[in-house]
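Peer 1: Structure below; questions to follow.
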Amino acid sequence: MEEEDRRNPGETANKTLDPISNKKHLAMIERLSNHHQSRINQSLSRKSDSDTSTRSFLNRFSQSKQSIESELDRCRQLSISDPEAKFHLDKVSLLISDLEKLVAENSYFLPPYEVRSSLKSISDLKESLEIVSSKVLPKKKFAFRNKSATKKENQTNEVKVSKIEKTSLLVKDSPGFRSKEGEILVRDFSGLEMGEFMLSDLNSCEIRLMGCLRALFIHRLRNCKVFVGPVMGSILIEEVENCLFVLASHQIRIHHAKGTDFYLRVRSRPIIEDSNGVRFAPYCLSYDGVEKELKDSSLDEETGNWANVDDFKWLRAMQSPNWCILPESERVGAIVIPKPEKETCSESCLDSSFLSIEAEASAFWDEEKDSDSVNLHFALCRCSVNSRRYLAFVTIRIPLVSFYEDGCRHVKVQTSRVERALECSILAKSRFNELEFEQEPARA
Amino acid sequence: MGLLSIIRKIKRKEKEMRILTVGLDNSGKTTIVLKINGEDTSVISPTLGFNIKTITYNKYTLNIWDIGGQRTIRSYWRNYFEQTDGLVWVVDSSDLRRLDDCKMELDNLLKEEFLNELIVGIFATSGHYCSFCFGFLQRLSGASLLILANKQDIQGALTAAEIAKVLNLEAMDKTRHWKIVGCSAYTGEGLLEGLDWLVQDIASRIYVLD
């Protein structure tokens with residue numbers, strides 16, 4: 001049965017295929033023979049074709065070879081350091097490369113022997129060109145080296161220049177607190193249009209920033225407590241250790257943080273990178289007016305994103321070992337910052353946010369006992385308040401801390417002697433706490 | 001040159017451009033791309049990996065690749081270079097401290113791109129498909145560079161001219177087409193000016209302006 005079964009399909013197939021396959025077979029043979037014939041014809045024609053083209057190639061090749069050789073001979077007779085020598089040599093090398101191209105273009109039909117021999121003669125030509133050029137232009141190599149050396153010198157010069165430029169540009173620093181130890185640093189930006197602010201190289205400090213900021217950069221802080229009002233923009237934190245941060249912002253990036261607690265309100269997901277032992281909790285800062293400032297910065301809503309931390313160094317699905325949520329029992333309570341008194345000057349300035357004092361106005365300042373403020377007294381000077389001009393005595397009251405730090409941006413007064421008269425030059429049209437002071441020799 | 005002209009024809013039909021957006025983290029790349037695309041920019045998390053946006057701009061289709069800038073993933077930037085028509089380098093003009101970093105990464109990037117080019121170049125001279133590879137060589141070396149000096153709306157930010165000085169852009173390879181534009185992803189100012197230039201510059205190189 002099985003044998004029959006096996007044989008049957010084959011037979012039936014043969015039977016059914018026979019007439020059709022026969023036809024196909026014949027057609028195929030016919031096509032093949034046609035094809036073969038045409039190929040023979042083609043190859044014949046090609047042979048004659050290639051014969052003629054080989055001949056023409058060889059003609060062209062020998063012609064240009066001869067012209068190159070004669071050109072080379074002419075170069076040989078040139079005297080050393082002839083100004084035209086270089087021109088001639090360049091011409092020869094161009095001709096040689098043209099010849100090379102010719103061989104390459106025609107190599108597909110050339111017999112292998114011709115290809116080899118023509119390549120050989122090209123390399124011979126190149127060699128003789130080299131010899132001639134070394135004779136006629138003996139200093140060529142040296143000149144080349146010399147050239148590259150001067151180039152390098154130029155480059156180093158450029159680097160130097162750019163370095164100088166860099167340092168001069170870096171003089172323009174963003175406002176901020178830098179390089180302090182064991183201090184309480186306070187700034188209030190309420191009602192001001194602040195751009196970016198920088199905290200860098202602080203150790204064992206407490207920093208309180210009130211009011212809206214656009215951007216905050218934090219770099220190299222140790223054992224610090226940082227309380228910050230809303231930042232409408234982003235906060236970038238790098239290299240902090242053993243700190244406490246209370247921050248509100250649209251974006252927060254944390255790099256290289258160690259053993260630090262973050263109390264955040266953030267619109268997007270905060271990220272950490274190269275950090276470990278960092279813990280997160282919700283924002284807990286309050287001071288007079290913080291609610292309004294949060295609202296103005298679209299940060300009034302608690303998104304819960306403080307707990308949605310992405311660790312860029314931990315891409316697995318499971319919880320990153322580098323961060324965790326701060327247990328409620330270990331969280332600090334609500335942090336309340338008492339609002340410092342607003343800066344005032346003379347009565348006429350009380351409501352103003354804009355004061356300018358003529359340059360070169362002289363002033364002296366004093367500290368009130370048991371007070372954390374400084375009074376700056378200007379002698380009779382021309383000033384303008386809200387673009388109304390006055391001739392007046394002006395007194396400005398500034399929180400002590402911001403006076404010694406940089407509450408008056410760029411205050412360069414370092415000493416704390418009382419009742420000391422100073423010559424101050426003030427940049428016209430600066431804001432209250434952005435007055436520019438330059439200390440000049442104190443009066444005797 | 002036969003294959004190159006075919007590629008050109010295909011590209012012309014598609015009118016497609018591939019644009020890479022890179023820069024340090026926190027420079028505002030994602031915000032810029034979303035702003036250009038007219039999307040909501042109020043909640044944007046730092047980018048892990050990359051985003052791709054396809055935008056129809058004038059008569060062109062722009063494939064904008066927005067690559068994350070965190071240090072961990074910077075080394076992967078070069079994986080995105082291939083067949084890039086335009087490079088957008090975004091700078092946070094208010095981050096004065098990291099401008100050196102920014103300059104270094106930009107230099108690395110351009111060097112990397114140059115290396116890429118070189119490898120293709122060597123391949124081109126060693127293979128039989130000279131004209132084919134030559135086509136890519138041209139495209140790579142030509143990637144137009146747009147530098148966006150972002151965050152101009154922030155008080156105290158450096159201007160585009162100052163950024164150009166710090167990054168020493170004048171010293172760049174003379175064959176490169178580049179332009180620096182001050183912008184603000186927050187207000188949208190300057191974005192279209194920059195993109196206009198980029199698209200025009202790419203178009204004039206690839207499509208041979210109609």
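Using N, Cα and C of the backbone, Cβ positions are placed for all residues, glycine too.
Bear in mind that the values here come from a model prediction, so they are computed numbers and not experimental data.
TrEMBL lists these features:
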- B:G23, B:L24, B:D25, B:N26, B:S27, B:G28, B:K29, B:T30, B:G69, B:N150, B:K151, B:Q152, B:D153: GTP binding site (BINDING)
- B:T30, B:T47: Mg(2+) binding site (BINDING)
Peer 1: For B:G23 (GTP binding site), what is the secondary structure state per DSSP, taken as helix, strand or coil?
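Peer 2: DSSP assigns B:G23 (GTP binding site) to strand.
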Peer 1: Given binding-site residues B:G23, B:D25, B:S27, B:G69, which are under 8 Å from chain A when comparing Cβ atoms?
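Peer 2: Near chain A, the qualifying binding-site residues are B:D25.
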Peer 1: Which chain-mates of B:G23 (GTP binding site) that are at least 6 residues away have a CB under 8 A from its CB, listed by sequence?
Peer 2: B:K29, B:G69, B:V88, B:W89, B:V90, B:V91, B:D92, B:C102, B:E105
Peer 1: Indicate whether B:G69 (GTP binding site) is helix, strand or coil by DSSP.
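Peer 2: Looking at the DSSP assignment, B:G69 (GTP binding site) belongs to neither helix nor strand, so coil.
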Peer 1: Within 10 Å of B:T47 (Mg(2+) binding site) (Cα to Cα), which of the binding-site residues B:D25, B:S27, B:K151, B:D153 do you find?
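Peer 2: So the list reads B:D25.
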Peer 1: Within 10 Å of the Cβ of B:D25 (GTP binding site), how many other Cβ atoms can you find? Include all protein chains, please.
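Peer 2: There are 25 of them.
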Peer 1: Which one, from the binding-site residues B:S27, B:T30, B:T47, has the smallest tally of other C-beta atoms lying within 10 Å of its C-beta?
Peer 2: B:T47
Peer 1: Under 8 Å Cβ-Cβ from B:K151 (GTP binding site), six or more apart in the same chain: what's there?
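Peer 2: Same-chain residues close to B:K151 (GTP binding site) (Cβ under 8 Å, separated by 6 or more) are B:G28, B:D92, B:S93, B:S94, B:A157, B:S184, B:A185, B:Y186.
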Peer 1: Quick one: largest C-alpha distance among B:G23, B:L24, B:D25, B:N26, B:S27, B:G28, B:K29, B:T30, B:G69, B:N150, B:K151, B:Q152, B:D153, binding GTP per the record, in angstrom?
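Peer 2: Per the listed residues, the maximum Cα distance equals 21 Å.
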